[in-house]
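The following block contains the structure, expressed as structure tokens.
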């Protein structure tokens, strides 16, 4: 898919510096700085990390101000890059996953991000330890009860507007709103207040991949100075806050953090993405009671009308004992309708789920036993345990496509059986040996995913077009 949408963005004067020169610390100096940073983290009592678009560019998500940033290329009159995979399939970088391990090891106390790509939450950072200052393209929030809904599809609006869905909390039902800020929107207190509090408590604020130009967010790290805290900046370009930093590192963020993890003897955990879907089998007797009219729906767990972005098509077949014609469902909603003689013996529906671009494996298979006498076998397993077992299974068999059932329930009107399935759709492992820590290109074991990103920019009252992390 093309990034040509970005060419339609109107020019605005006050975007800060763009296309700035990148600097790379020499090999020995970089190694020395990495060790100094690692020791600062090791000795820290309250480490806060502040991230910008630079930690996601290795995932294929473009920024605005870098040498190949959207605004930089537009100002130079150059063509924009092509993106081969959709935004919702972007996977966390080495840095994202290293931060997860630092949090689990007790070093990282709080994470503040200016990014709207949702990769921190997707990587496994606890929500209570994260402030997403500019919002999240994959999250909706209920303005009435405050419940947040993390989606596997990109929310269709920005600017804190109402979306097409409602809160599912019993007794609420309020219309949900997106969480991504537009330029005129103030930073939400729910995100800003804890970010400010933790920066004041911090003895080290580590700024990763940010040009520290967007206010008021860029001033948060400075709040640590009054209490004796130190600021560390890791960025290829110079920033307005460089003079305030105790340590300034010009290097690739992934390189620097990888070196830190090696010094601390910590591993970078793999990223395993698990997606959910539900199958809905609905039946009703014909008027003459001779047949059963039934349907099979493959749908999002976020609602029957929500998109199911990781599924390209579903190939449906039946157990050999049944003389039923196979089918291919390739248009959403994914829906199959059939009529069967009521005396038909129980049978099995086999489904091959063909995944969309960006999934590591091409397909997975699930089976559904069908008995027109609705089964009383209703259950809801421990979701966290099932997901953990799937992750462990994925590490043993890295081909991905592993599946498991999380929940099965019966609805009497209309008579339906709903099953929630969990499926491993991506596995990204990171090399155990960290190798050369000099500046230069650095790839993770599985190639990064390019993303198609919608922008926070709006122009002259027209509808928002695209969201891109702003560095």
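Including glycine, each Cβ sits where the backbone N, Cα and C put it.
So TrEMBL lists the following for this protein:
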| type | residues | note |
| --- | --- | --- |
| DOMAIN | 27-267 | domain 'Deacetylase sirtuin-type' |
| ACT_SITE | 134 | active site, proton acceptor |
| BINDING | 142, 145, 167, 172 | Zn(2+) binding site |
Please report how many Å separate the Cα atom of residue 145 (Zn(2+) binding site) from that of residue 134 (active site, proton acceptor), as a whole number.
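For residue 145 (Zn(2+) binding site) versus residue 134 (active site, proton acceptor), the Cα atoms are 21 Å apart.
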Quick check on the binding-site residues 167, 172: which one has the highest count of other Cβ atoms within 10 Å of its Cβ?
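It comes out as 167.
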Let me make sure I understand the structure: which of the binding-site residues listed (142, 145) has the fewest other Cβ atoms within 10 A of its Cβ?
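Counting other Cβ atoms within 10 Å of each of the binding-site residues 142, 145, the minimum falls on 145.
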How big is the gap, in Å, between the Cα of residue 167 (Zn(2+) binding site) and that of the residue listed as 'active site, proton acceptor', rounded to a whole number?
22
Taking the mean position of the Cβ atoms of 142, 145, 167, 172 as the Zn(2+) site, which residues outside that list, in the same chain, have a Cβ no more than 8 Å away, listed in sequence order?
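What remains near the Cβ centre is 143, 144, 146, 147, 166, 168, 169, 173, 174, 176.
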Suppose we draw a 10 Å sphere around the Cβ of residue 134 (active site, proton acceptor). How many other Cβ atoms does it contain, all chains included?
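The Cβ of residue 134 (active site, proton acceptor) has 24 Cβ neighbours within 10 Å.
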